[in-house]
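A quick write-up on the structure given underneath.
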């Protein structure tokens, strides 16, 4: 039954429970009995204890009864003490309670006072608002009256149009009369509210705004008096004249003197005043006196463009967008747009503006305009207690800055002047707000108004002529050119673009329309909306836009070749190589072409047939005359750009820069062009091949009776052949593994075959036959015996049959045999005579070399090695050994064929050499220098490793060198070979300090901006990236991708130039190239006195990375900003300059020592005086100090001393924090400034400007550091070198509906090295957020420049160096 019975059936469990119950009851009884026993035992024990205790107590009592009186009296005394203490405590408590009540009363009174104050403030504010509203009404009325008068004037004008020139004087009088009346009225109305302007800013509806009254009048007259071709056409304003749009019947006739005169009148009478702008549509356009583009406003940090506006109906006034004067206005403008819809609002392209506050550390909020305007806008946050000067954040008024007599003084607004006359006018009661310690808030207050250049004669660094940079290191400077593709900076040319004006008619015509299209009213052109057009991917903008600039290719998806319309020209197989099918010789499709004058991309339809390329605006234009044509002939070249979408087609006359919509389309075009031109596309951006060729050269390849001269290279076990040396894609390849390689006896050949070879080999040539398994043979015709031997040897080794055939030299055959025994350490071959040291010199090279010249060079190499080895190294004469080693190794770098030879010679010279003297050590030292530079190939590398393993032994000196070399070999394999010969520092370290004691045998100091340094160790293969990792760990700084820091070297010429190092560069190469350049700059000077100076400092600055800053980063950043301040690259006025100098002095020197009481005059002691002068020297801007008399200097030091002593007790980190908070109030904090001259014609009028590069874009600043215009990176199309200048091409979207863009090219004259630095810096910023993955390294390049070829080139002489 157990099987069928469920174990948990009810009957079963019932039986269990009964048994269980009985068992438990039994246990319970037992426990009870035991507990009873235990209780009894305990009771007895306790009883005994109690009796014992009683006995003891009785004993004690008896003894205590003897002296009862003393203890009683002492107890009583204690009791009295305690009671008195308790009474005292009570008294204290009562007193405290009384105090508390008093304080509560005082608090209550204070609260009442504060409430009253608040109420007063509220009343005062509402009263002022009411006043302003009334004022506003009055203004509106005045405005209406003026408008009526102007209307009348306009009617008259239209009536008397023909006699208008005679009436000019009359109109001027009337105009001036009205204008003066209005200005007087405005001044009276505002004189009593002026001081309010900065405090009422928080209320959006009645925000105070600066309006130029002159502009207002000018504008009204303009929109109604001068719009001659009727009310419905918008007026375009440009530059000093105010012409009407070009469609007017008399478009040019008004560029006459009268308009100029009028304008100059406006300019001279333009006043800054504070007014509350009404929310009707008559706000004003600022007319900038000398700017040809309407969208450039001279307001301080406000590159906010005015969108063009269409006008319709019979409304007489032009709807306008006001350009804000101060950053805050733009916020109010936005609020106003949100809160009160205006009649013209629907024409402002629905200005979506979101206001978002940045990270707390940067005290500025950013106003981004999302859809339409590509400009980002920086807005200062204000505190309520900032006072007035803030509202005039250093605005430079157009007229003021143009006036030569003012010498650069900024024209301060009316409000500020009135403030100066009577500071007490209607001051509001100050709100009770306290946040910082008083001195800190004072510094911030100074910073608010002090972010500008003081009135001092601003000495701009004069533009350096091209002269000083012609020395060697800059002879070969080439500035690359980048374009923006997919938001990334992509290099399209490694040399500056020539500024060729010989463009096709396509370029010149579109250029003519370009200048006007920026200023002229938009003509609506018909937009092809057919689904077919859309399907074909013909971009709307390219058909409709009149100036014809294309949307860059990254705006499309790249999945398919949608851009090719259906009617393709004959399309044959898409892949053509040597063996398959007919070659494609025709193609058509869309490509982007770079314009020749304005370097922007234009979308064109290209057709390639009959050996020439024609291009049109669109496929439908094919019946018309082409926009241009490109002749293809033998002199044309194709060069790939960086990335997979751009290439250059170089013809005799000019270079065409072309971009395809996707990598596939690019490959198709290149393939067809290669077929036609019979050339391969060379690539300027060299892709590092993993293995270097063992042997290479020109050979004639014969197969199936067809002969062809090809460039051949043996890489590993594969034989590749190419059309030419620069090619990246081989024509074909032969697998050499287990192939048969033999020399052919020529006597049986007929003479015709080889006479036809393109090198015209005569009967002296040699022939090799290569037959891979299961394939027909290929014949290689080789010109000389040496070349034949080399090819035969290396091909045989690659085929793996070197042991059976007697090829190669005796030494090579022995190495081959050793390889067959797998390097058995017991093998007798190691001891064979040919592999061991012998006293006689070499009679022939140890390896097979391809030419007689190289064979002689190999023997010279042996001689210089002998000299190095056999002359004892002594420190005074170490330069002798240095130059020997440098020359020998340079020869090996120039002729890679000699690298195997060099290793074989050194191994032979050290193998079984006796006695063990200095010569043996020096030979190992030379080997140690070699392994860090380059490694031998193939089985020689295997042989080297075996040999080092054979000798490695930490107990002997030779063994230690072998261990060191082993480590170097692994590092070179890991990081790749070097580019330059070893530096003096490297050679001296290896010769005079035993390198094997430390894994990082070399070291060099890295300097920081605060005059400290850190010594960092490295080895022969250390890259900059590895070097910086070590450095960052030592000094507690984040990795460069986060901190934005980079490593710079100084310039050997000693000029104020620096070079940023690429992360992939090797430190030893950097030092060597620097030394080489120094030697060529100052030949014959004492060597070894100057070494390269490495500096670690901030290069890229990102707001988002501020949060994680370490203390050390902040300190170094503060010193770097101070350097900018001192150089005059940071806008501080004299007051703020002293404040920040005091902060830096406190960081550097700590508290200022107080003068001793004994000094009679009370002036600081000489020592502290000296420190003060030092602080001024290091932390105060040079330009404010240079013209100071000794009296003024004394005054300066005293003022510095008072400011410094106020910081007593403030720690260095605290001062650094305040310093950076102040510095970050400048919206362009972290930008790098470059001095430049705009090349005319240019929208920038100033003769000298600053170009500031930061994470948002490129800003152009005037010499007082006010932003003239900003180009965000999204709007940059192309930038880089253009002849000897810097060029940037930007696009502005003119009208969102049509996607219309116009391109604008700006050119600035600068020093060559600065152009290079600026270009690479812009590329770094653009690529920081979307780094390209480099082919060679595993880390994303994020931080670093795209191109590592721009270390100042130190080109070797074209002929390879030779020895002796």
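Numbers here mean position along the shown chain, with the first residue as 1.
Here the Cβ of each residue, glycine as well, is placed from N, Cα and C on the backbone.
Automated prediction, rather than curation, is the source of TrEMBL annotations.
Annotation comment: TrEMBL describes 253-264 as compositional bias 'Basic and acidic residues'.
For 273-283, the entry in TrEMBL reads compositional bias 'Low complexity'.
According to TrEMBL, the compositional bias 'Acidic residues' annotation covers 498-508.
Per-residue confidence over the domain 'PH' (584-678) averages 87 (mean pLDDT, predicted model). Feature annotation from TrEMBL assigns domain 'PH' to 584-678 (among others).
Residues or ranges marked as domain 'PH' in TrEMBL: 692-800 (among others).
According to TrEMBL, the domain 'MyTH4' annotation covers 837-991.
Positions annotated as domain 'FERM' by TrEMBL: 1002-1333.
The feature region 'Disordered' is assigned by TrEMBL to 224-323 (among others).
Taken from TrEMBL, the feature region 'Disordered' covers 493-539 (among others).
What TrEMBL records for 561-580 (among others) is region 'Disordered'.
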>> With CB pairs under 8 Å as the measure, which of the listed stretches 584-678, 837-991, 1002-1333 comes out on top against the domain 'PH' (692-800)?
In response: 837-991
> At least three Cβ pairs under 8 Å linking the domain 'MyTH4' (837-991) and the domain 'FERM' (1002-1333), pairs spaced 6 or more in sequence?
Replying inline: yes
>> For a three-state summary based on DSSP, what are the helix, strand and coil counts in the domain 'PH' (692-800)?
In response: 22 helix, 44 strand, 43 coil
>> Give me the DSSP three-state residue breakdown of the domain 'PH' (584-678), ordered helix, strand, coil.
In response: 20 helix, 40 strand, 35 coil
